[in-house]
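Structure, as structure tokens:
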Amino acid sequence: MSITSFDRPAIPASGGIRGLLQRYPLVCFFAMAYGFSWLGWLPYILSLDGLGILPFRLPLGDFSVAPGAYLGPLLSGFLMVGATEGKAGVRHLWRRMIQWRMAWYWYIFALICTPLIRTLGAVVLPGVLGTVRADGLQASLSTYLILLPAAVLISGLAEEPGWRGFALPRLQERFGPLLGTIILGVLWSIWHFPLFLTSWTTAAGLLPLIEFTATATAIAIIITWVFNNTRGSLLIAMLLHGAVDAYSPAVLFADPQLNTTLHALIGFGMVALLLIVLTRGRLSYQRLVSSVDAHDKLQNV
């Protein structure tokens, strides 16, 4: 059974700031995730690697996204869980981050099928198959294996405890799995928008933002399906997220079309649509009935 809504520890309602966080958990989470990250990215955005307002470059280069990423979804997720669920909730979130016991094929899907999906999206573009680099296969595999650990730590670890650990279960409960995931995908993509002012990407203009948002939403649908089938494992979500960021078919093929996210949108979009059809929009989601709810239902029979 796929169970992806959780009985949360009940803690007394509070006043002040904690009470505000408890009353509006999703709004407060996204506000903090955006605010903390965007503030953390400000030196990067204003540097010579961004708008060029400040006369310096950050030594980490494109890895300068890391401070803002950790300050945003990760920190906000733990703060919100602590405020709404207490210490027991924080322990539960941590256990889901290291929840490794699951069927082996989910690891295969996250680490191997994810790059294959991006490659599939590339080869359907006209002319790409004829641009295979001589050493492309070896180079793409080597690059992927080198970048994967960093991508899991910077993208997966820094983001998933917030997006999927805190926000996704609540969004699925409130809006259902498909609409909740679409909302998360759009908000997740908007969180990245300030990075379009930096060397993190060479894309510019409205169309790349729309393309990026659609791609992020498709990826979010796939992650939700995996998340729902692995009892809310954040470890597999972190691995899948890292695999998405670590692999690029631009190393395998010498085609300028791969400098955009169009191939990723095609590949992940096709898989996302297939999952929506096969699961009838449920994405393997099942609501967990608490012991209290079950007892009440039995009393009413």
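Including glycine, each Cβ sits where the backbone N, Cα and C put it.
Now, the feature entries from TrEMBL:
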- 24-45: transmembrane segment (TRANSMEM)
- 65-83: transmembrane segment (TRANSMEM)
- 104-129: transmembrane segment (TRANSMEM)
- 141-158: transmembrane segment (TRANSMEM)
- 144-246: domain 'CAAX prenyl protease 2/Lysostaphin resistance protein A-like' (DOMAIN)
- 178-197: transmembrane segment (TRANSMEM)
- 203-227: transmembrane segment (TRANSMEM)
- 234-254: transmembrane segment (TRANSMEM)
- 260-278: transmembrane segment (TRANSMEM)
Inset, instruction - Answer yes if the transmembrane segment (24-45) and the transmembrane segment (178-197) have at least three CB pairs under 8 Å among residue pairs 6 or more apart in sequence, and no otherwise. - result: yes
Inset, instruction - Tell me, please, if the transmembrane segment (260-278) and the transmembrane segment (141-158) are in contact, taking contact as 3+ Cβ pairs under 8 Å between residues separated by 6 or more positions? - result: no
Inset, instruction - Please indicate, using numbers and ranges, the residues of the same chain that are 6 or more beyond the transmembrane segment (141-158) and have a C-beta under 8 Å from a C-beta there. - result: 63, 65-66, 69-70, 72-74, 111, 115, 237-248, 251
Legend entry - Recorded stretch, among 65-83, 203-227, 234-254, maximising Cβ pairs under 8 Å relative to the transmembrane segment (104-129): 234-254
Inset, instruction - May I ask for the residues of the chain that lie six or more residues beyond the transmembrane segment (65-83) and have a Cβ under 8 Å from a Cβ within it? - result: 18, 21-22, 25, 28-29, 32-34, 36-41, 44, 89-90, 92-93, 154-155, 157-163, 165-167, 191, 195, 200
